[in-house]
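Novice: Dumping what TrEMBL says about this protein:
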- A:LEU20, A:ASN27, A:LYS155: xanthine binding site (BINDING)
- A:SER127, A:ALA128, A:GLY129, A:ASN130, A:ALA131: 5-phospho-alpha-D-ribose 1-diphosphate binding site (BINDING)
- A:43-162: domain 'Phosphoribosyltransferase' (DOMAIN)
There are 2 protein chains.
Amino acid sequence: MKILHDTILKDGLALSDSILKVDSFVNHQIDPKLMNLVGKEFVKRFEGKKIDKVLTIEASGIAPAMITALELGVPMVFAKKHKPITMDDFYSTTVYSFTKETNYNLTVSKEFINEGENILLIDDFLSAGNAILGLRDIVNQGGATVVGVGIVIEKGFKEGRENLLKEGFHLESLAIVEKMEKGKITLNKLK
Amino acid sequence: MKILHDTILKDGLALSDSILKVDSFVNHQIDPKLMNLVGKEFVKRFEGKKIDKVLTIEASGIAPAMITALELGVPMVFAKKHKPITMDDFYSTTVYSFTKETNYNLTVSKEFINEGENILLIDDFLSAGNAILGLRDIVNQGGATVVGVGIVIEKGFKEGRENLLKEGFHLESLAIVEKMEKGKITLNKLK
């Protein structure tokens with residue numbers, strides 16, 4: 001996606017060979033015009049699929065997932081990293097984050113995953129793919145099916161793509177970072 | 001806002017005289033069509049004001065703030081409740097939550113609040129108003145000004161409105177809950 005590539009190269013910051021800072025347009029400050037186009041692009045990439053719901057993870061997944069769901073005319077659900085005290089009937093899974101070197105839980109109220117639903121997963125980053133596998137676990141606990149995975153920025157030098165493709169996922173990443181060195185980002189060729 | 005009133009009365013759940021569950025359309029599952037209208041309504045309510053940026057709090061503020069910012073053509077920033085390890089230069093404030101009976105920190109990177117900016121605050125709920133006062137503190141630390149406060153659902157039986165009006169804020173709430181008893185919600189008259 002050209003505008004996303006341009007923005008990553010202009011405003012993204014490679015802090016090391018694995019940490020990409022995009023907090024000026026994706027995960028702290030958000031560029032709503034860009035996110036609007038990102039959402040529309042996901043709809044194009046998954047055209048023809050029956051999608052009943054979009055599922056993402058708080059907080060950075062919400063903006064792109066929201067626009068995707070708006071365009072599709074379906075509800076959006078975000079998995080919580082911190083279970084609210086008022087939620088007592090839920091699906092939950094544990095995810096290991098390589099970036100933060102720690103486990104965290106993802107929780108979704110049972111009300112919002114229904115048997116037989118076709119669910120599109122959206123997230124801002126793909127690294128090892130553990131967060132997506134966690135969401136798939138929750139979807140399956142509810143008897144629903146993952147019909148696709150839409151990623152804003154994939155770290156192409158991590159094993160996420162391999163891990164998801166071998167599970168049979170339809171994966172669409174709008175930008176793939178091939179390589180990073182401190183201060184330099186190399187993206188894949190535009191699709 | 002009529003459609004918001006209708007949705008609260010249809011899908012909201014008064015768990016007690018103070019806890020309102022709206023997780024089927026506001027803060028866990030999101031109704032994107034409703035949030036799209038909510039964002040557009042905020043733009044109407046603050047028409048004529050110069051707004052450079054929209055500031056909210058993760059995670060439930062992101063959807064309405066995102067649409068508001070998209071309509072205004074300005075960036076949106078969400079304050080973080082859990083400071084990322086990569087953020088080292090930031091404004092921060094402590095907020096007391098009566099609902100959770102605990103303090104939490106709000107953090108915004110210094111990069112994203114600039115001197116002289118006019119900032120619109122958006123949040124999903126207004127209760128005592130402490131979260132909004134915390135955001136105002138961060139905005140002021142950066143030398144910027146709060147030009148308005150847009151709230152999706154105000155708990156009209158709490159002291160938030162009084163606390164914000166005495167500080168001189170322009171406050172717009174799209175729905176005001178006048179009273180709750182377990183199982184029954186009474187809203188204000190439509191504006």
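Glycine too: its Cβ is placed from the backbone N, Cα and C atoms.
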Novice: Cα-Cα, whole number of Å: A:ASN27 (xanthine binding site) versus A:SER127 (5-phospho-alpha-D-ribose 1-diphosphate binding site)?
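Specialist: Cα-Cα, rounded: 15 Å.
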Novice: Note the Cβ centroid of A:LEU20, A:ASN27, A:LYS155, the recorded xanthine site, then list each other residue of that chain whose Cβ lies within 8 Å of it, in sequence.
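Specialist: Sorted by sequence, the hits are A:GLY12, A:ILE19, A:LYS21, A:VAL22, A:VAL26, A:ASP124, A:PHE125, A:SER127, A:ILE153, A:VAL177.
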Novice: Helix, strand or coil: which one is A:ALA131 (5-phospho-alpha-D-ribose 1-diphosphate binding site) in, per DSSP?
Specialist: helix
Novice: Can you list the residues of the same chain, besides A:SER127, A:ALA128, A:GLY129, A:ASN130, A:ALA131, whose Cβ falls within 8 Å of the 5-phospho-alpha-D-ribose 1-diphosphate site's Cβ centroid?
Specialist: A:VAL95, A:SER97, A:PHE98, A:LEU126, A:ILE132, A:LEU133, A:LYS158, A:GLY160, A:ASN163
Novice: Using a Cβ-Cβ cut-off under 8 angstroms and a sequence gap of six or more, which residues of the chain neighbour A:ALA128 (5-phospho-alpha-D-ribose 1-diphosphate binding site)?
Specialist: A:PHE98, A:LYS158, A:GLU159, A:GLY160, A:ASN163
Novice: Secondary structure at A:LEU20 (xanthine binding site) (DSSP, helix/strand/coil)?
Specialist: strand
Novice: 10 Å Cβ neighbour count around A:ASN130 (5-phospho-alpha-D-ribose 1-diphosphate binding site)?
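Specialist: Excluding its own Cβ, A:ASN130 (5-phospho-alpha-D-ribose 1-diphosphate binding site) sees 19 Cβ atoms within 10 Å.
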Novice: With the cut-off set at 10 Å between Cβ atoms, which of these binding-site residues ends up with the most neighbours? Options: A:LEU20, A:ALA131.
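Specialist: The residue with the most neighbouring Cβ atoms within 10 Å is A:ALA131.
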Novice: Counting across all protein chains shown, how many other Cβ atoms sit within 10 Å of the Cβ of A:ASN27 (xanthine binding site)?
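Specialist: Its Cβ has 21 other Cβ atoms within 10 Å.
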Novice: Including all protein chains displayed, how many Cβ atoms other than that of A:SER127 (5-phospho-alpha-D-ribose 1-diphosphate binding site) lie within 10 Å of its Cβ?
Specialist: 21
Novice: If you count Cβ atoms within 10 Å of the Cβ of A:GLY129 (5-phospho-alpha-D-ribose 1-diphosphate binding site), leaving out that atom itself, what do you get?
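Specialist: Neighbour count, Cβ to Cβ under the 10 Å cut-off: 25.
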Novice: When you measure from the Cβ of A:LYS155 (xanthine binding site), which residues in the chain that are at least 6 apart have a Cβ under 8 Å away?
Specialist: A:SER18, A:LEU20, A:PHE125, A:LEU126, A:SER127, A:VAL177
Novice: Taking the residues A:LEU20, A:ASN27, A:LYS155, which the record names as binding xanthine, find the longest CA to CA distance and state it in Å to the nearest whole number.
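Specialist: For the residues that bind xanthine, the greatest Cα distance is 16 Å.
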